[in-house]
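Engineer: This structure is in structure tokens; I'll ask about it shortly.
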């Protein structure tokens with residue numbers, strides 16, 4: 001018998017049935033491009049604001065804060081120096097927001113159209129409008145998140161959230177009280193916490209945990225790349241893997257030392273050939289929401305003494321830019337390996353300053369026990385070392401960034 005062509009409708013039916021019987025290996029990646037912005041500190045200095053007072057207030061806040069209240073954790077980041085943000089969508093149809101992807105916290109929040117008239121910082125940001133979303137679900141629970149620069153307050157709501165092309169139903173914060181500093185001048189609207197559930201305020205399940213529960217990712221990891229070149233792509237967050245275009249060699253992993261936090265043990269800090277600190281071990285948090293590297297004030301003083309740096313401006317150590325080429329390397333010992341920053345890695349020039357001073361991206365930060373003392377490895381470190389956060393194996397991987 002001669003072969004008969006199968007009708008188009010039958011082909012479509014066969015294709016549909018086959019497509020639904022494929023193996024469940026449909027895991028993928030989510031990719032969020034990041035933009036680099038001037039920090040709030042840079043903008044304030046450009047406008048002639050005295051940063052000494054603001055930095056002093058931040059220091060007093062840390063001294064007075066209680067770090068033992070697990071139901072309302074204090075986030076160490078103050079966002080004065082944060083420079084990288086990416087876009088997400090909330091609602092149906094999607095409302096777009098610029099957010100910081102912050103491993104130091106675990107909640108998602110954005111400003112609300114219900115923000116009070118006294119909080120003028122809300123006026124310059126994209127505001128979430130629940131009345132414009134057909135997928136909005138009321139919650140109403142009040143929440144407060146304490147940051148280094150103050151606190152944000154509001155209430156919880158539920159809606160669909162789109163991150164890197166992945167859609168989840170998410171409880172998030174609608175902020176109705178937003179501090180003037182830093183948010184009045186911030187280029188970002190809100191914060192998407194990439195921390196653990198234990199870090200979340202009010203027991204809210206974090207966005208990344210909801211994504212993990214859908215089993216759509218190739219691996220239970222996310223990775224962060226921060227560009228060193230301001231005129232290029234600001235950076236990238238990859239959900240479910242890493243991007244070999246932005247790193248070279250292999251990852252080397254360090255196990256998390258504290259459950260429920262992106263905290264690891266650091267076994268030494270060196271200036272040039274001399275190991276000065278942490279030989280017996282120090283706690284260090286890898287924080288994508290922080291710009292600088294920070295550590296106990298006494299430790300930073302030792303480092304600056306070894307560098308020959310004495311001058312401070314508004315809690316920042318500064319040197320004449322002509323001295324930068326003479327500054328030695330600073331190395332951090334993590335997981336049996338040495339991670340070295342050259343002077344070009346840890347010194348930066350504020351484009352808005354008209355003097356010859358360069359800023360060292362190293363700050364003193366005294367966190368009282370039991371949370372501290374702790375070091376914070378922020379964007380200054382991540383720019384040099386592409387970083388992968390592995391939830392499945394509770395570890396952090398570092399590779400040399402391209």
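A Cβ is built for glycine as well, from the same backbone N, Cα and C atoms used for every other residue.
What Swiss-Prot records for this protein is below:
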{"type": "SIGNAL", "residues": "1-26", "note": "signal peptide"}
{"type": "CARBOHYD", "residues": "69", "note": "N-linked glycosylation site"}
{"type": "DOMAIN", "residues": "84-399", "note": "domain 'Peptidase A1'"}
{"type": "ACT_SITE", "residues": "102", "note": "active site"}
{"type": "DISULFID", "residues": "115-122", "note": "disulfide bond"}
{"type": "CARBOHYD", "residues": "139", "note": "N-linked glycosylation site"}
{"type": "DISULFID", "residues": "278-282", "note": "disulfide bond"}
{"type": "ACT_SITE", "residues": "287", "note": "active site"}
{"type": "CARBOHYD", "residues": "320", "note": "N-linked glycosylation site"}
{"type": "DISULFID", "residues": "321-358", "note": "disulfide bond"}
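Each of the listed features needs to be described in terms of its position in the shown structure.
Structural biologist: A sphere of 10 angstroms centred on the C-beta of residue 102 (active site) encloses 22 other C-beta atoms.
Under a cutoff of 8 A between CB atoms, and with a sequence separation of 6+ in the same chain, the neighbours of residue 122 (disulfide bond) are 111, 112, 115, 116, 175, 178.
When secondary structure is read from DSSP and collapsed to three states, residue 139 (N-linked glycosylation site) falls in the strand class. For residue 139 (N-linked glycosylation site), the same-chain residues 6+ apart in sequence whose C-beta sits under 8 angstroms from its C-beta are 155, 156, 157, 158, 171.
There are 21 other CB atoms within 10 A of the CB of residue 282 (disulfide bond), with all protein chains counted.
The number of other Cβ atoms within 10 Å of the Cβ belonging to residue 287 (active site), over all protein chains shown, comes to 29.
Under the DSSP three-state reduction, residue 320 (N-linked glycosylation site) is assigned to strand.
In sequence order, 349, 356, 357, 358 make up the list of same-chain residues 6 or more apart from residue 321 (disulfide bond) whose Cβ falls under 8 Å from its Cβ.
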Engineer: Among 102, 278, 320, these being the recorded positions, pick the one whose CA is nearest to that of residue 287 (active site).
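Structural biologist: Answer for the nearest of the recorded positions: 102.
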Engineer: Give the sequence-ordered list of residues that share a chain with residue 278 (disulfide bond), lie 6 or more positions from it, and have CB atoms under 8 Å from its CB.
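Structural biologist: The list for residue 278 (disulfide bond) reads 266, 267, 268, 269, 299, 333, 375, given in order along the sequence.
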Engineer: Using the alpha carbons only, what distance in Å do you get between residue 320 (N-linked glycosylation site) and residue 102 (active site) once rounded?
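Structural biologist: Rounded to a whole number, the Cα-Cα distance is 32 Å.
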